[in-house]
Every structure is written in C-alpha cells, then in structure tokens.
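These features come from Swiss-Prot:
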- C28, C209, H234, E238: Zn(2+) binding site (BINDING)
- 30-40: motif ''HIGH' region' (MOTIF)
- 266-270: motif ''KMSKS' region' (MOTIF)
- K269: ATP binding site (BINDING)
Amino acid sequence: MLQIYNTLSKTKEVFTPLVGNQVRMYVCGMTVYDYCHLGHGRSMVAFDVITRWLRHRGYDLTYVRNITDIDDKIINRANENGEPFDVLTERMIAAMHEDEARLNILKPDQEPRATDHIAGMHAMIQTLIDKGYAYAPGNGDVYYRVGRFAGYGKLSRRRVEDLRIGARIEPGEAKEDPLDFVLWKGAKPGEPSWSSPWGEGRPGWHIECSVMSTCCLGDSFDIHGGGNDLEFPHHENEIAQSEAATGKPYAKSWLHCGMITINGEKMSKSLGNFFTIREVLEKYHPEVVRYLLIASHYRSPINYSEENLREAKAALDRFYNALKGLPEAAPAEAAEHVERFAAAMDDDFNTAGACSVLFELAREVNRLRDSDLPAAAALAARLKQLAGLLGVLQLEPEAFLQAGAEGKVDAAEVEALIQARLEARAAKNWAESDRIRDQLTAMGVVLEDGKGGTTWRLAD
C-alpha cells in the first residue's frame, strides 16, 4: 500500500489515483537562463525515482515537467550576453538534457514550454477577469485578486492577514492590494512580448504553470511536485489561479523535495558555494552524484561536501565489488529483501531505507561468493534489479571501478603488469609478484584477486 506525504494536508496519506490506475504528475522544471545547479539535480533525481517506482507498481503514469523559457532572469541574461532570448534558452535546454542523460534521468512524457502556451494563458487570464478574480488596471498589466480567493494560504499555511503586515505596493505597480500578483506583464522597451487582449506583454511565472499543467493533465490531477522553495508563493499562487478559473480542486497530492546545502550552508552565488551539475561531474562519476542524491529521503535536506561524495563513492564501490566476477544468473527470489525494499519505497518513497536493503543484499552476496557461487550470482542479479529501480548499479562493475583512470594511469600498462604478475605467481616467483603489486600500488591501482581472476580499480 503506497503512502505519500501530502504537503497540502501535512500528513502521510494512502495514495489513490483520481481515475482508475492512471496517475498524472506535474513537476515544476527549469527556468533555462543558466546551467542546471545541484538543487535542480536534486529535484530531477527525486522525481525520476518517484516515476520509476510508480511505474514499477503498475500505475499508468503520465509525467509532465515544464520548461520556463520566458522570465525576467532569462531576459536579463540574454541582454548581458547580447543574444536573443530564444538562442539562450535553446542552448540551456540542450545543456539540461545533457546533464539529465549523464545522471541517468528518464525523459518526462511531456516537456511543455511556456512560450508554446501563450494562447492558453490568455484564455485562463480572461476567465479569471470574467469571474472577478483578476483585473486589468489599464497599464498593460493584469493582476490576480488574492483577497477574492477564500482558500489562499491553504498549502503553505499562511494567513492573508499576516502576509499583509509590512507588504506594500511598489512604485509603478497598479495593484489594488499589496498581495495581488501579476498574471500578465505589460511590454517594456527591448523585451520580448506577445500581443494580448490587454496589449503587448508577456506572462507572469505563476500563470505559466497553471496553464501548462491543466493543458497537459486536465483541470484536476494526482500529483504536483517541485522543490520546497516553490511551496510559497509559486505553488500557492498556482492553486489560487487554477481553482478560481476551473472551479475544481487542482492537484490532489503535493510533493516537495528538500534543498541542497554546501558544507552546511545554503547554496548561493553570493557565498561563492554555487555548483553546477556539470562542474561536479568534472570531478565525480555521474553515478556517485546520483547516489548521493538518492541516499537521503527526498524530503530531507542534503549536505553536499567532499566527504559525503567520497562516502557515496565508497558505497558504490562496495556494491560493484559485490557484483563483479559473478556469472549471469536469474534473480533469486529473495522474498524478504524484496518485501522490505518495497515497504521502504511504499513509505513515501523512502530511498534511504531501500538503500539499506541493498547493503544487506551485497553483504549476503559476499558471504556466499566462496561457498555457493550460483546462489551468490542469483542474489547479485536481484541486487542489480532492485537497484535499477533507483537508477543505479546498471554499469559493468569493472567499468565503474576503473572509471576515472583515463589520464591517471595507462590501462594497457596496468593490464600488462597484471599479466606479468600472474605469470610470476604461476612460476612461484613470489618476490617478483610482490614487486609488481607494489609497483601497481604506487601507481594508485588496487588489485583484487578472486575466483574469476584478478581485477583492478583506482584507489580512493
């Protein structure tokens, strides 16, 4: 029985789709003005694992993750670069897809772009105006009347009267209430714009997601996800817009993943601790980064540090060392392990608990390796199958364990030395065998002798 923590109710609930076996999930994606940072990677990986598990459980999932391709940040960055905004966004979208592929992230079923849904935004804004939830003061802007929506604050547990304390209307704004937010922004010189019933302009951020989600998934759908930094005001405003426009409940369950901290501090450019995914992947294998991001529960914060990355690498080394050198086999039943893995994942996608089951399997594989090779191989196959549901342990063990050797050691030289050592051992020339091992150790190479022969990896 799958249970999900719903931010809307602040409780863990038994998950029941709105319609039969169909699950419709929308996740807020990237604003494509720069390369993806680790926080984006956290959200990408979290909802990738959720996608994999929902499909494994047999649900007919439609996964939609949007792209925000028009926004203040995009316009500012394009102007800084001296390039059209759409040239910038195309380049950043391509880079995002490269990062996702390296992190073994499945593609969403649909990836709508905001600029492809301008007409839908016009329609929803007009509906809100017609219903009295929005107003056009005549300066090209259109605003949402927060005070008109009785349920405002139900997601974030904020009270409108508290929000009004200290709020003020900025110069140049034509708001009726300081809490009102923009649905359509009147055009400014030098900025991209589209024609609309209220004049040239562009959409506000919040209306983009309301329109893209309902266009792709319908007025009501099962799951809405994103980082917990989006809970307010973005997701709160989405609810206000969508439910006022359609008269129906918007998303049934709201899932929010935790943030990334860097050595215990919030990641930010001003603190100089801001890392893009590609910067991290220059130093660490993509699977190490992915494992770091799944080793904690998706709602928990993750502290990014060199030490934690080394621990993630060590964990994967243990897994791949358990898998290596074993013959192909059908997965063992391993009913107890399978049940506990499923119980962890059914408990609000508890990947930390699931990973602990993988460690137990790896220990059992190692225990059986010398006494019952077929049983060890079958259990290793089950370990790999379960790990695949988390998107890890799908490489050839030697490929992972030797990854990063390029530019550090000559693989051909290592193989030649290993062969020379084998010949020395066969001739019982133990001194020569030890000399070669010492030479390889000095090169940073770790040898591991087993029934299947000698394998090697780089020292941590």
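From the backbone N, Cα and C atoms, a Cβ is placed for every residue, glycine too.
Residues W205, H206, E208, S210, S213, H224, G226, L230, H235, N237 surround the recorded Zn(2+) site, their Cβ atoms falling within 8 Å of the Cβ centroid of C28, C209, H234, E238, which are themselves excluded.
For the recorded site, C28 (Zn(2+) binding site), the DSSP three-state label reads coil. Look at the binding-site residues C28, C209 and count other Cβ atoms within 10 Å of each Cβ; C28 has the fewest. For the motif ''KMSKS' region' (266-270), the model gives a mean pLDDT of 70. Take the CB of E238 (Zn(2+) binding site) and look out to 10 A: across all protein chains shown you find 28 other CB atoms.
Sequence-distant neighbours of H234 (Zn(2+) binding site) (same chain, 6+ apart, CB under 8 A from its CB) are C28, W205, H206, C209, G226. Secondary structure from DSSP puts E238 (Zn(2+) binding site) in a helix.
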